[in-house]
Structure formats: C-alpha cells, structure tokens
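Taken straight from TrEMBL:
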type: TRANSMEM; residues: B:20-40; note: transmembrane segment
type: TRANSMEM; residues: B:52-73; note: transmembrane segment
type: TRANSMEM; residues: B:101-118; note: transmembrane segment
type: TRANSMEM; residues: B:130-159; note: transmembrane segment
type: TRANSMEM; residues: B:179-198; note: transmembrane segment
type: TRANSMEM; residues: B:205-224; note: transmembrane segment
type: TRANSMEM; residues: B:272-290; note: transmembrane segment
type: TRANSMEM; residues: B:324-347; note: transmembrane segment
type: TRANSMEM; residues: B:359-386; note: transmembrane segment
type: TRANSMEM; residues: B:398-418; note: transmembrane segment
Amino acid sequence: MMLSMEGVHAHYGHIHALRGIDVAVQVGEIVTLIGANGAGKSTLMMSLFGSPKASAGRIVFDGEDITRLGTHEIARRGIALVPEGRRIFARMTVLENLQMGAVHADPANYDADIARVYAMFPILQEREAQRAGTLSGGEQQMLAIGRALMSRPKLLLLDEPSLGLAPIYIRRIFQIVRELNRDHGMTILLVEQNANQALRVAHRGYVLQHGEITLAGSGAELLASPEVRAAYLEGGHG
Amino acid sequence: MSAVVFAHHQLTPTERLRDAGWIAFVALILGIPLIGLTTVDVGGRLAVDTRFGLLAMAVVAAFGGRLVLRWAVDHLKGRKLARQRAAAGNAGGRAQQVVNVLGWLALGASVALPIVFSDNRYVVDTATTVLIYVMLGWGLNVVVGLAGLLDLGYVAFYAVGAYSYALLSTQYGWSFWEALPVSGALAAGFGILLGYPILRLRGDYLAIVTLGFGEIIRVILVNWTEFSGGPNGISSIPRPSFFGLEFTRRPAEGSDSFASFFGLEFSAMHRLIFLYYLILVLALLTHVFVSRLRKLPVGRAWEALREDEIACKAMGMNTTNIKLSAFAIGAMLGGFAGVFFAARQGFISPESFTFTESAIILAIVVLGGMGSQMGVVLAATLLVLIPEFGRNFAEYRMLLFGMAMVLIMVWRPGGLLAHREPTLRLSADGKAARGGA
Ligand SMILES: Nc1ncnc2c1ncn2[C@@H]1O[C@H](COP(=O)(O)OP(=O)(O)OP(=O)(O)O)[C@@H](O)[C@H]1O
Ligand SMILES: [Mg+2]
C-alpha cells in the first residue's frame with residue numbers, strides 16, 4: 001500500500017470540505033478522482049499535504065502516519081504535487097524552476113533527472129533560459145510536471161493537469177501520465193474534470209461529491225456506471 | 001461616434017485625418033453654445049452675440065491637438081511593444097551587459113569621488129548619505145525584492161543597529177569594530193522576533209504589522225528614557241578610528257592621530273573621507289554577500305517564495321525558515337547601516353527613525369525595480385539628490401520629490417531596472433553551470 005486515507009475530515013474555518021474520506025492507492029497504480037466543481041478534490045490532495053491538516057482520520061504514506069507532519073516534511077517523504085493552476089515560479093527561468101523541484105533531492109541524481117525531464121518535454125530544454133511566466137499555458141503545465149518529477153517522487157499528485165489546454169496538449173498530458181506509469185513505474189493520483197479520458201487511463205477511480213466518496217471502482221466500471229455517465233460524461237465533459 | 005478610431009493597428013493618414021475630423025466636429029457641436037454664442041449686456045438688456053472666429057480657432061486646435069496626441073500615443077505604444085518583444089526574445093542578455101558596465105562605472109566613480117572632491121565637504125557628505133541608503137536599500141531588497149515580503153517597518157532594524165552601537169560604545173566603551181558584528185546580530189535577532197508572529201501573513205496584512213513594529217520600536221525609544229535617552233537621544237558617540245588612529249587635532253599623550261601618523265596636516269576632511277570609504281566598503285561587502293546568497297539555495301528559495309508559497313511547500317521547502325532567514329538577513333544589513341549611521345553622526349535620537357525613513361527605503365527598492373541591485377543604487381542616488389537639488393524650492397522640495405516618484409512609476413512601472421538576472425548562466429554549449437541546488 002502506497003497511500004491510504006482513513007476517515008479523513010478537513011475544514012476551512014467552518015466549511016466542512018472533507019467528510020470522512022477513505023481512499024487507497026497501491027504501488028504502481030493510476031488512481032483518478034472525479035467530481036463536480038467544489039466537490040473537494042483539490043482539498044483532498046492538499047490535505048494529503050497537510051494544508052489544510054486533517055481534522056480527523058488518518059493518512060498513511062509508505063507505512064508511515066503523516067497526518068500530523070508539516071507540508072514540507074510530507075513533500076520530503078516522496079510525494080510531489082502538481083498543484084491546480086500550475087503555480088510555476090513565473091519570474092524565474094525554466095531551468096531554475098526545474099532546479100527548485102530538486103532542492104531536496106539527492107544532487108547525485110540531478111543530471112540524470114534533468115535529462116529525463118528534457119527527454120520527456122523537449123520544449124523545456126529549448127526554453128530553458130526563458131522566463132517561465134512567458135511560456136504558453138501548455139508549456140507551463142509541462143514545466144509544472146517536470147518540476148514535480150525532479151524530486152523523484154514515489155507518488156505523484158496531479159490536480160487538473162489538462163485544465164485550460166487545447167485538445168492536442170490534453171492528449172499529450174494523458175499520454176505522459178500513461179508513460180510515467182508504464183515506463184517509470186510511477187504511482188499517480190490524478191484529479192480531472194476530463195472524466196472520460198481520466199477514467200480511461202486510470203486503473204481505479206473515485207467519485208467525490210460534497211466532500212464524500214460516493215462511488216469507487218475500476219476505471220472501466222466507473223465509465224460504464226449510469227450515475228457517472230449522467231453526471232460527468234454526458235454533461236459535456238466527455 | 002463610432003468613427004473615432006480605437007484600433008490598435010498602425011493607422012493610415014486618412015484614418016488619422018478622419019479621426020481628428022470627428023473630434024473637431026464634436027468640438028464644433030459643443031463649441032457653438034459654449035464659445036460661439038455669448039451673451040452681452042446691451043444697454044441693460046441681455047443680447048446674444050456670436051464669436052465664430054474664436055470658435056473656428058478652437059475647432060482647429062481640437063483637430064490639430066487630436067492629430068498630435070494620437071500620433072504621440074501610437075508612437076509610444078509602438079516603442080513599448082518593440083521593447084517588450086525584444087525583452088521576451090532574449091532573456092535580457094544585452095540589458096544585463098549594460099547594467100554590468102554601469103555597475104563598474106559607478107564603482108569607479110565612487111572610488112574616485114572623494115579624491116576629486118577632497119576639499120568639498122558637502123559633496124562627500126551627500127555621497128555618504130547616498131551610500132547609507134544604498135546599503136539600506138540592498139538590505140530591504142532581500143526582504144521585499146527577493147522574498148517578496150512587504151516590510152514597512154524596516155527602519156526599526158536600522159534603529160536597533162544604531163542604538164546598539166550607541167549604547168555599547170558610550171556605556172561599555174566598545175569600539176566600532178567590536179560593536180559592528182554584535183549590533184548586526186542583535187538586529188537579526190529582532191528580525192526573527194518580528195518574523196515569527198507574522199509568518200502566516202502576506203501582502204497588506206504583513207505590511208500593516210511591520211508598520212506597527214517599526215512604530216513600536218520608535219515609541220519605546222522615545223519613552224524608555226533611562227535606556228535610550230528618550231527624545232534627547234544619545235550624544236558623544238565615539239567615531240570609528242582608522243586601525244586605532246583617531247581623527248583628532250590633538251592626539252592623546254603618547255599616541256598618534258591619523259594626521260600625525262601619516263605626517264599630514266590635520267584636516268576635518270580626513271574623517272569625512274574615511275567615513276565615506278568605510279560605508280563604501282560596507283556597502284560593497286553587502287552587495288557581494290547578497291549577490292552570493294542569491295545564487296545559493298537559500299536565495300533561490302527566497303525568490304521562489306516570492307513567486308508562489310504553496311508551490312514552495314509542495315517542493316518540500318520549509319517556508320518558515322526561508323521567511324525567517326530573509327527577515328534576519330535583511331535586518332542584519334539594516335543593523336550594520338545603523339551602526340555606521342550612529343558612528344557618523346555622533347548623535348542619534350528617535351527622530352532619525354520615523355516611518356518616513358522606512359517609506360523612503362521602500363521607495364528605493366520599488367523604484368529601483370524590486371530585486372535589482374543596480375536599480376537600488378540608481379534609485380537611492382535619485383531619492384537623495386532630488387531633495388538636495390530641490391533645496392532652492394524650499395517648501396516645495398517634497399512636492400518635487402513626490403512628483404519625481406510618480407513620474408518614475410509612470411515611465412517605468414516595473415522600476416528603473418526591472419530586469420531580473422538569472423541565477424545561473426548557460427555556458428556556450430548550452431549546459432548550465434550549476435549552482436548549489
Ligand atoms: N482556502 C479555502 N478557504 C475556504 N474554503 C475553501 C478553500 N479552498 C476550498 N474551499 C471550499 O472547499 C470546497 C471544496 O473546494 P475544492 O477546491 O477542494 O474543490 P474542487 O473539487 O477542487 O473543485 P474544482 O473542480 O473547481 O477545482 C469548496 O466549497 C470551496 O469553496
Ligand atoms: Mg480543484
């Protein structure tokens with residue numbers, strides 16, 4: 001078991017954003033989380049990261065209880081997050097952004113890791129001296145993913161990586177997710193609005209509604225489920 | 001009025017004429033009642049008179065004015081666009097070269113200045129003031145420019161440094177060089193003290209709390225009379241010596257003064273010039289120190305923090321330590337400047353550490369272009385010299401000062417030198433020379 005959340009609750013002030021979440025991710029899996037806007041998907045990911053801290057329940061990563069750890073300590077345990085909205089360091093160069101991703105990684109791996117990221121996203125190498133804020137949206141998303149990979153995470157969290165991208169970039173992003181998992185054995189937790197494609201790449205999925213998991217199953221099962229079809233696929237996201 | 005052209009493409013002359021024509025037409029319509037017709041008093045009764053000549057002139061003026069204005073606006077916009085394209089194209093390599101050359105020139109000029117003006121007290125004094133502000137600007141630049149933490153109470157650390165030296169030297173007989181590191185450490189301690197409670201704050205809230213902190217320090221200094229001398233301040237603060245040689249006309253029995261040791265005739269200028277070189281060295285050390293830090297992981301972390309705190313945490317960075325280190329180092333540099341200030345003045349009082357000082361230092365950082373070291377030098381020079389030149393305008397000098405600031409911000413919204421130098425350079429084969437990430 002790579003990650004498990006057991007009965008996790010989280011609050012923003014008096015807003016009860018997560019209401020008893022049970023989620024498990026096995027080593028080598030792609031697990032996707034789908035749900036409407038405001039369902040609590042981003043909150044779930046951030047609470048894994050201790051921000052907001054779980055107000056009840058338990059989060060276990062790689063055999064260790066991380067519920068009470070600080071955000072940066074959790075990151076150093078081997079979880080990397082590609083946050084919603086990319087959050088690259090806009091005024092720093094592309095290369096500097098990638099280096100920031102490696103600040104707590106073993107320097108001995110640096111050259112190999114940067115080569116791997118460049119091989120995956122050649123455009124980043126072309127633009128390495130450019131200010132990251134001047135990249136296109138899709139390039140910025142690739143940078144955010146590349147930066148997360150620089151820390152050699154055991155678990156990669158992707159929060160809506162396809163948000164606001166053109167179809168060609170979206171396909172590329174999903175292709176990368178699949179490659180990372182298949183070729184590099186990366187365990188991935190993926191939040192997506194793009195339910196159709198997300199469920200196709202994922203081994204398993206969860207449906208989140210108002211801070212609760214309402215459905216769980218394999219990607220194929222969820223794709224076939226009438227509730228999911230009605231709420232997330234035929235509504236125009238497909 | 002849809003014919004008035006708002007398009008952004010390059011206008012043809014016909015379009016320009018039509019555009020101006022419409023404006024003139026509007027001016028004519030509005031002008032008939034406003035200018036063309038006027039009431040006159042004819043034998044106690046009001047009568048309407050016409051002034052079509054004047055109206056015609058007004059319409060022509062509107063026509064011409066619109067043509068010129070349009071052209072000027074387009075011209076400026078075009079130049080700005082061209083500049084932006086150029087800047088985006090190469091990451092500012094040229095700009096950086098210019099700045100570097102400028103830096104070396106400035107350094108040469110500042111080394112030569114007291115030699116050229118060796119008998120001009122006013123110039124050396126003013127230049128010393130400029131350098132104090134440069135140093136303060138560089139210190140605050142760490143906090144505001146690099147780490148992106150808006151600090152409106154920076155003067156507090158300046159005060160801590162100044163009072164530390166004043167008290168250590170007058171009460172305990174410490175020399176300048178002994179007190180300098182201790183005072184810097186004390187100021188850094190205060191930086192951490194301020195940093196702790198406000199770790200969670202950002203932006204406007206942070207600014208308000210730091211503002212309050214600056215005031216608290218000043219109020220304590222004013223009111224704790226036994227400790228700080230209250231509003232009267234502390235006087236007879238010893239001046240720094242030149243490796244043990246005092247700058248006095250008559251050295252104490254059995255010792256040398258600077259002038260007698262070097263066989264020079266005593267001159268009050270010696271001390272001023274020495275003080276000038278002292279702050280120059282301190283400022284240069286500050287510059288080297290900060291530039292180094294910027295290239296180390298901690299400096300990168302500051303910049304990353306300025307860009308996005310959540311992303312920093314997600315990278316495993318301890319944002320608490322990053323913020324505290326920025327506050328501590330910024331405060332320490334402010335403290336050093338304070339020590340020098342106290343030693344130079346020989347007298348300090350809370351009046352030297354008002355909010356206005358914080359505002360000026362912040363203005364130097366912002367006008368200089370947030371994070372740009374050379375920008376701080378330019379801005380500090382401008383902000384010290386403008387009020388000096390403005391002395392002829394007596395009470396209007398602050399007005400002049402404010403106007404200059406507004407003009408700079410309109411002309412260069414990103415600051416005088418807004419360009420950010422990457423912390424690593426790519427070598428010819430495209431491989432990056434790695435910093436210590
Ligand atoms: N920082 C915050 N402070 C207060 N409330 C918040 C905060 N962040 C999220 N919320 C609330 O928590 C709930 C869940 O938000 P969350 O961002 O997790 O939704 P989401 O599923 O990621 O939605 P989307 O698909 O739009 O990204 C929402 O009702 C939101 O308003
Ligand atoms: Mg979200």
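Any Cβ shown, glycine's included, is placed from N, Cα and C.
Unlike curated records, TrEMBL annotations are generated automatically.
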Result, the transmembrane segment (B:52-73) in contact with the transmembrane segment (B:179-198) (3+ CB pairs under 8 Å): no
Cβ-Cβ under 8 Å with the transmembrane segment (B:52-73): same-chain residues at least 6 beyond its ends: 11, 16-17, 19-21, 23-24, 26-28, 31-32, 35-36
Highest-contact recorded stretch vs the transmembrane segment (B:359-386), from B:20-40, B:101-118, B:205-224, B:272-290, B:324-347, CB pairs under 8 Å: B:101-118
Spatial neighbours of the transmembrane segment (B:101-118) far in sequence, C-beta under 8 Å, 6+ residues away: 124, 127, 131, 269, 272-273, 276-277, 280, 284, 374, 377
